[in-house]
Amino acid sequence: MAPAQELQHDQQAPPRSDEAPYKSRVTVVGSGNWGSVASKLIASNTLRLTSFHDEVRMWVYEEILPSGEKLTEVINRTNENVKYLPGIKLGRNVVADPDLENAVKDANMLVFVTPHQFMEGICRRLVGKVRGDVEAISLIKGMEVKMEGPCMISTLISQQLGLNCCVLMGANIANEIAVEKFSEATVGYRVNREIAEKWVQLFSTPYFIVTAVQDVEGVELCGTLKNVVAIAAGFVDGLEMGNNTKAAIMRIGLREMKAFSKLLFSSVKDTTFFESCGVADLITTCLGGRNRKVAEAFAKNGGKRSFDELEAEMLQGQKLQGVSTAKEVYEVLSHRGWLDLFPLFATVHEISIGRLPPSAIVEHSERKPKFSLADGSI
Ligand SMILES: NC(=O)c1ccc[n+]([C@@H]2O[C@H](COP(=O)([O-])OP(=O)(O)OC[C@H]3O[C@@H](n4cnc5c(N)ncnc54)[C@H](O)[C@@H]3O)[C@@H](O)[C@H]2O)c1
């Protein structure tokens, strides 16, 4: 991890001759459903704000479409991501680039937005390839579990590439923001408020209101853990248990999100759970997200069709995050001896792998934890 920093400073790209030195250049690493919407938001602002270069580069994991054409070529010809965000113009200043190294080499602001399982490989490819003065932000929900413990994706990016990484999370179902319906988001930052405000400026539009809070881990864990609760909410929907049960699952889930976050990082603030990244994201994901939808189908089928099979059939290349996050959380819980403290998180994983039936979501979540997390001590 350490050599990354040394290499970067040698390889800092000089400002291009066609731009003023103070202008920031933005590259978006990722081009799925949310990656494409993020590019659209950013591109509308880089055109408007003089402190940014107009062009937004978007790294695209190249795919061949059923027509035989390359996805990048179609995006650059039609200005639409026909596979992951059809029908939405990204902005003429968005340039799709299949070459990861080329896409990042001039940027001093990097936006990471791929499914979390690909980030370790992407970081490995980027070591020594980014500018020394680069700032990053992660829109990625999920974590990596390593021998030494859980590693948030923003930490993975910071450590592997030797850079500062903020996060942006919120009640943000991509397709709704794509058609400019009003919503909010939260930027989490570690120390530098000025950098956080620059990210706020880059993402904010009249229909997308962004607020910064000094709590990277809290914001990122909210965004990550709510996907596990959404799987539970989907089971409840699939079993047709009704709104009261779903609300109860959401409340227990929020309690476990808060307790888990604070046990892992004592710096996590209670107030973060009342930002868009907290309760608002939990609500929207449990009502409308893809994790909820696929979990509903899983429960309707009595757990007889696997999540992998349902994901492939229902999401057309989009990725589920909740099931893999539930597994990662379960590993942390068993490693630390916390399984009894988090009955909802543990049960979601056990149902997902077929060890328990979907109906166990209420039986097990209702079981009182040995040590009550509801007493306000965590
Ligand atoms: N979609 C949403 O509504 C939404 C909202 C907020 C946050 N997020 C988060 O944003 C992140 C990205 O999600 P998304 O919705 O943009 O993606 P997606 O699930 O829509 O698309 C999957 C993406 O992964 C790419 N891909 C496939 N194989 C790959 C590989 N081997 N290496 C690298 N990339 C590969 C695909 O080309 C595609 O761009 C996730 O962490 C997700 O939780 C999504």
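Residue positions begin at 1 at the first shown residue.
Cβ atoms are placed via backbone N, Cα and C, with glycine included.
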Need a hand: TrEMBL gives Arg290, Asn291 for substrate, which of Lys141, Lys146, Lys181 is also on that list?
Lys141
So which range, 1-22, 67-88, gets flagged region 'Disordered' in TrEMBL?
1-22
For the recorded positions Lys226, Arg290, which Cβ has the most other Cβ atoms within 10 Å, all shown protein chains included?
Lys226
How many other Cβ atoms sit within 10 Å of the Cβ of Gly30 (NAD(+) binding site)?
25
Among the binding-site residues listed here, Trp34, Phe118, which has the most company in the form of other Cβ atoms within 10 Å of its Cβ?
Trp34
Which same-chain residues, if any, lie at least 6 apart from Gln321 (NAD(+) binding site) yet have Cβ under 8 Å of it:
Pro115, His116, Lys141, Gly142, Thr224, Asn227, Asn291
Should we count any of the recorded positions Gly32, Lys226, Arg290 as near ligand 1, judged by a CB under 6 A from one of its atoms, and which?
Gly32
Whole-number Å distance between the CA of Trp34 (NAD(+) binding site) and the CA of Lys226 (active site, proton acceptor)?
17
